[in-house]
Every structure is written in structure tokens, then in C-alpha cells.
Amino acid sequence: MKKVLLVINCIILAVGTCGGPLIMRLYFIEGGKRIWLSSWLQTAAWPINFIPLVISYFYRRKNNNNNSSKLILMTPRVFMATTGIGVLQGFTNYFYAYGVAKLPVSTSGLLFATQLAFTAFFAFLIVKLKFTPYSVNSVFLLTIGAVVLALRSGGDQPEGEPKKEYVLGFVMTLASAALSGLIFPLVELIYKKAQQTITYTFVLEFQTLYCFVATVLATIGMIINKDFQAISREANTFELGEDKYYIVIIWSAIILQFYFLGSIGVIYSASSLVSGILISVLLPITEVLAVFLYGEKFNAEKGVSLALSLWGFASYFYGDYRGNNNTENSNQSPAIEMIDKTNCTP
């Protein structure tokens with residue numbers, strides 16, 4: 001049953017990882033201009049999580065034969081910490097949405113891949129992660145990959161887009177990667193300090209809360225920017241038509257939520273290592289789909305950056321794999337996995 005669950009979650013994760021950035025970009029290509037709305041859509045489908053949460057609750061009640069089973073597993077202390085993570089995730093979503101609005105998917109995806117380097121750096125500061133030759137090599141390769149793209153920062157600039165906005169999109173995407181890299185070790189720290197068992201239900205509650213907080217932040221941004229009033233006007237001028245505008249909006253929210261559900265499911269069914277490797281493998285697929293679907297340029301610089309990114313991913317996860325094996329062989333208690341390592345933006 002666990003193997004079946006793993007396969008299902010791998011499929012869900014693949015849909016979210018590949019489809020999320022593509023459908024977000026479609027919104028902007030066809031006339032969408034609301035960045036706060038795009039940010040809001042990244043977590044707006046958080047109520048979907050209530051389906052597995054409700055199933056889990058009744059399953060626990062049935063197995064325990066106890067009607068007083070706790071409805072919520074999260075403690076008040078973890079609740080407050082998770083709320084803070086949600087605020088950070090809200091800003092991350094906005095920065096990422098800005099990057100997707102201004103950059104081709106093949107460029108923004110490669111830039112966001114640098115989050116692994118930021119994760120290693122912040123994990124060293126926050127949870128005292130020890131650098132290894134593999135992690136140092138990974139950080140170096142991912143950094144060089146971003147530099148290669150920066151050297152030709154205008155090579156794939158969308159037609160009609162000012163150079164200033166393109167560069168700002170470049171910077172905002174790196175900022176979203178940096179914030180994601182900060183969030184991951186903070187989440188690991190919360191799990192370590194939670195003083196309770198980390199179960200699939202607990203992680204779902206964690207994800208639901210921080211997605212809700214991020215959505216609230218985006219909602220405030222939309223109200224200030226008057227995005228809600230602009231939705232109907234934008235739908236009328238959408239190049240694919242008004243009906244398809246709302247279809248794109250709805251499916252954006254659903255597909256992006258698939259990313260969160262799939263990543264957590266893979267971690268629960270296998271490990272965070274498997275989840276990270278799967279996302280790494282899906283990176284070139286997203287690049288190829290962007291080139292074929294949207295006619296994006298894939299120049300030599302992107303090819304080099306992609307190769308360096310994949311090399312960096314492989315180095316990092318191979319080092320993580322060897323480290324886990326050494327820990328098991330020495331009969332030491334393994335560190336709590338970074339459960340949200342693949343989390344929050346595509």
C-alpha cells in the first residue's frame with residue numbers, strides 16, 4: 001500500500017513541479033498583469049488539504065476507538081512559529097510571481113534552482129549543518145550557473161519588455177530562492193524543537209496553516225493593489241477569452257497545490273532525498289516543455305547553466321545519501337529530515 005501511495009504522490013508532484021511554472025507563465029503571456037493575484041494563486045487552494053486531514057482524523061478515531069482523539073495535533077508554540085513561516089512564504093510567493101511575470105520559464109526555473117545553495121548556507125547558520133566537499137561543490141556549481149545566466153541577462157528578454165523590468169525580475173527570482181533557502185532550515189528547526197512526533201498529519205497541518213497565512217498576506221496585497229476589482233476587466237481583455245481566463249486562474253491554484261501535496265506525500269512514503277531527487281530530475285523536463293509550448297529561446301548559456309545545476313543537485317544529494325548511510329552504520333540517531341525542503345514555490 002505504501003508503494004502505491006508513493007507512485008501516486010510521485011505523479012502528483014510531477015504535475016505540480018512541471019505544470020505550476022508553465023501555467024503561471026501562461027497567465028502573463030496571454031495578457032495577465034496582476035502579480036499579487038499570481039502570488040495569491042500559489043497557495044489559494046490550501047483548503048484542498050482538508051480532504052486528507054479529515055480522512056486522517058477519522059482514521060485515527062477508528063484505530064484508537066476513542067472519540068476524544070485530538071482534532072488538531074499542532075501545539076500553540078508550533079502554531080506561532082508556523083505563522084511566521086507563512087509570512088515569509090507569502091513574500092517568497094510574491095518575489096517568485098514577479099520573476100515568472102518578467103522572465104521566461106526556462107530562465108526563472110534555472111535561477112530558482114539556486115535555492116539549494118541558499119539552503120546549505122542558512123542551514124549552516126541556523127541548524128549547524130556541516131559542510132562537506134559535496135555540498136561545497138554543489139553551492140559552487142549552482143552559483144556559477146546563475147552567474148552564467150547573468151552574463152547574458154538580456155539574451156532571452158521577452159519582446160517589448162523594458163530592460164529594467166527584466167533585470168528586476170532576475171533579482172526578484174534570486175530573492176525568492178534565497179527566502180526559500182531560509183525557510184527550509186527554519187522549518188527543520190521547528191520540527192526539532194516541536195517536542196512531538198512528526199507524522200504525516202502533523203506535516204499536513206503545518207502546510208495548511210502556513211499556506212493559509214501566505215494567502216492572507218497575498219489577499220492584503222490584492223486589496224491594496226485593487227486586484228479584485230481588476231479581475232473582471234482583465235478577463236475581458238485576456239487573449240484566450242474570458243472563459244479561459246477563469247479556467248487558467250482556477251487550474252493555476254489547483255496545480256500549484258499539487259506541488260505541496262505531492263512533495264509531502266513522497267517524503268512520507270519514502271524520504272526527503274527521494275523528493276529532492278525527483279524535483280531535480282523534473283527540472284530539465286520543465287525547461288523542454290517551456291521551449292516547445294511557448295517557443296522560448298534555449299541558448300548555449302542556458303544549456304551550460306542547466307548542466308551545472310544538475311551537476312550541483314547530483315553532488316548535493318549524493319553527499320546527503322552518503323552522510324545518511326554513514327549515520328545509519330554508526331548507529332547514531334538520524335537528524336530529522338528537512339520535510340519542507342521542496343516546498344512552497346515551483
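In case you wondered, yes, glycine gets a Cβ from its N, Cα and C as well.
Listed features, source TrEMBL:
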- 35-58: transmembrane segment (TRANSMEM)
- 78-97: transmembrane segment (TRANSMEM)
- 109-127: transmembrane segment (TRANSMEM)
- 134-154: transmembrane segment (TRANSMEM)
- 166-190: transmembrane segment (TRANSMEM)
- 202-224: transmembrane segment (TRANSMEM)
- 244-261: transmembrane segment (TRANSMEM)
- 273-294: transmembrane segment (TRANSMEM)
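Taking pairs at least six residues apart, the transmembrane segment (35-58) and the transmembrane segment (202-224) share three or more Cβ pairs below 8 Å and count as touching.
Long-range neighbours of the transmembrane segment (109-127) within the same chain, counting only residues 6 or more positions beyond its ends whose Cβ lies under 8 Å from a Cβ of the stretch, are 21, 96, 99, 103, 135, 138-139, 142-143, 145-146, 149, 170, 173-174, 176-178, 180-182, 184-186, 188-189, 192, 283, 286-287, 290, 302, 305-306, 309, 312-313, 316, 338, 341, 345-346. Beyond its flanks by at least six residues, the transmembrane segment (244-261) meets 9, 12-13, 15-17, 19-20, 23-24, 26-27, 30, 32, 37-38, 41-46, 48-49, 52, 207, 211, 234-235, 238, 342-344, 346 of its own chain at Cβ-Cβ distances under 8 Å.
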